[in-house]
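*Asks:* From TrEMBL, here are the annotated features:
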DOMAIN    37-270  domain 'Radical SAM core'
BINDING   Cys52, Cys56, Cys59  [4Fe-4S] cluster binding site
BINDING   Cys96, Cys127, Cys187, Arg265  [2Fe-2S] cluster binding site
Amino acid sequence: MLRTDWTRAEIRALFDLPFTELVFRAAQVHRAHQAADEVQLCTLLSIKTGGCPEDCGYCSQSAHHGSGLKAEKLMDVNSVLSAAAEAKAAGSQRFCMGAAWRSPKERDMPKVVAMIEGVKAMGLETCMTLGMLDEGQARTLADAGLDYYNHNLDSSPEYYERVTSTRTYQDRLDTLENVRNAGVSVCCGGIVGMGETREDRIGFVHALATLPRHPESVTVNALVPIRGTPLGDMLADTPMARVDDIEFVRVVAAARIACPMSMIRLSAGRESMSEAAQALCFMAGANSIFTGDKLLTTGNAGDSADAALFAKLGLRAMEGDEPMRVAAE
Ligand code: SAM
Ligand code: DTB
Ligand code: SF4
């Protein structure tokens with residue numbers, strides 16, 4: 001039922017629709033497949049911060065840039081579990097753990113496995129994002145009970161090489177395949193506002209919608225400009241390069257139409273988005289957010305601002321599993 005044969009021309013035609021028509025169609029698709037008043041709450045924790053050998057042009061954690069972020073060692077398991085307990089108490093459904101690695105090292109795996117087992121035992125869904133995985137590593141995480149793995153395509157295949165030089169788009173696709181083959185659900189998305197063109201945004205949505213199976217979760221981040229990173233400096237020095245809210249909502253709407261059963265997560269950049277812009281994103285089919293006042297290294301809207309927004313918009317926290325996982329059972 002879910003189309004994975006979208007052409008770029010079809011995705012382009014969505015972007016070219018009058019804005020209100022695009023949002024209306026996305027809202028229809030959303031209602032046909034999911035409960036449109038439910039929004040999933042996820043919490044992030046950086047379990048290994050900074051000092052990353054990759055050179056992603058947007059990232060505060062790359063050792064190649066001068067963001068000034070202090071590198072830290074892998075957290076101990078108990079500290080991760082207490083952060084997870086706090087997230088659960090705050091109403092979060094999923095706990096996502098991120099590490100600034102190119103890929104996990106063998107010596108780190110026992111701790112990572114203990115984190116997955118411990119967080120899962122609290123009744124939370126587990127997600128990890130640790131960089132590239134080979135088949136064996138994906139299987140180890142699956143055996144530990146990992147529910148989701150986040151690994152982003154970030155942009156179109158053409159723009160990707162302008163964003164990161166230490167790995168290729170194909171490397172990203174290979175890890176996604178290893179995660180899928182191990183039976184772990186996929187969380188995959190990208191960043192809007194890195195200086196890419198409309199055609200790159202079309203290529204990005206097209207890449208997600210033509211994966212062999214749509215990601216269960218799609219993250220849509222707005223670039224958080226970080227001083228000292230190439231893309232952060234570019235945006236801070238050229239405010240005109242900022243993608244406006246209407247174009248951002250178009251990306252959400254096109255992703256919703258192309259991947260009707262996926263969860264679409266409004267991710268980084270929400271802190272500086274107006275309530276009206278966020279409401280438009282929810283209207284266009286976004287149905288997941290990161291909660292709490294911190295993402296990995298940057299700020300987030302915070303629980304009280306989100307509770308107020310949900311009350312204003314009549315939204316409620318989702319409790320069930322993601323539709324694609326329910327359908328697969
Ligand atoms: N190291 C792992 C990796 O890259 O796969 C996981 C962590 S990485 C920080 C996760 C994702 O966060 C990136 O793929 C990127 O899409 C997003 N991200 C990182 N820095 C960002 C920023 N400044 N603004 C928006 N999104 C960002
Ligand atoms: C994703 O697409 N966004 C999240 C999650 N996956 C791991 C990360 C956002 C990071 C924002 C920048 C920071 O806090 O360092
Ligand atoms: Fe490293 Fe991930 Fe940041 Fe890239 S996005 S520099 S891989 S932590």
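Cβ coordinates are placed from backbone N, Cα and C, and glycine is handled just like the others.
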*Asks:* Under a threshold of 6 Å between Cβ and any atom of ligand 1, which of the binding-site residues Cys59, Cys96, Cys187 are retained?
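*Replies:* The qualifying binding-site residues are Cys59.
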*Asks:* Pop the Cα-Cα gap between Cys127 ([2Fe-2S] cluster binding site) and Cys52 ([4Fe-4S] cluster binding site) into the table, whole Å please.
*Replies:* 20
*Asks:* Within 8 Å of the Cβ centre of Cys52, Cys56, Cys59, which other residues of the chain have their Cβ, at the recorded [4Fe-4S] cluster site?
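*Replies:* Neighbours found: Glu54, Asp55, Tyr58, Ser60, Gln61, Ser62, His64, His65, Ala100, Thr164.
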*Asks:* Filter the candidate list Cys52, Cys56, Cys59, Arg265 of binding-site residues, keeping only entries whose CB is under 6 Å from an atom of ligand 3.
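*Replies:* Near the molecule: Cys52, Cys56, Cys59.
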*Asks:* Given the recorded [2Fe-2S] cluster site (Cys96, Cys127, Cys187, Arg265), which additional residues of the same chain have their Cβ within 8 Å of the Cβ centre, ordered by sequence?
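*Replies:* So the additional residues around the site are Cys42, Leu44, Arg94, Thr129, Tyr148, Asn150, Ser217, Thr219.
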*Asks:* For the domain 'Radical SAM core' (37-270), report the average pLDDT of the model, please.
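*Replies:* The average pLDDT of the model in the domain 'Radical SAM core' (37-270) works out to 95.
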*Asks:* How far is it from Cys59 ([4Fe-4S] cluster binding site) to Arg265 ([2Fe-2S] cluster binding site), counting Cα to Cα, in Å?
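*Replies:* Cys59 ([4Fe-4S] cluster binding site) and Arg265 ([2Fe-2S] cluster binding site) have their Cα atoms 19 Å apart.
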*Asks:* Just to be sure I understand the packing, how many Cβ atoms besides its own are within 10 Å of the Cβ of Cys52 ([4Fe-4S] cluster binding site)?
*Replies:* 23
*Asks:* Between Cys56 ([4Fe-4S] cluster binding site) and Cys96 ([2Fe-2S] cluster binding site), how far is it from one CA atom to the other, in Å?
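*Replies:* Here the two Cα atoms lie 20 Å apart.
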*Asks:* Which residues of the same chain, at least 6 positions away in sequence, have a Cβ lying under 8 Å from the Cβ of Arg265 ([2Fe-2S] cluster binding site)?
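*Replies:* The list for Arg265 ([2Fe-2S] cluster binding site) reads Gln40, Cys42, Cys187, Gly189, Ser217, Val218, Thr219, Val220, Ala286, Ser288, Ile289, Phe290, given in order along the sequence.
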*Asks:* What residue among the binding-site residues Cys56, Cys59, Cys96 has the most other CB atoms lying within 10 A of its CB?
*Replies:* Cys96
*Asks:* Check each residue in the chain of Cys127 ([2Fe-2S] cluster binding site) that is at least six apart in sequence and keep those whose C-beta is under 8 Å from its C-beta; list them in sequence order.
*Replies:* Cys42, Arg94, Phe95, Cys96, Met97, Leu146, Asp147, Tyr148, Tyr149, Asn150, Cys187
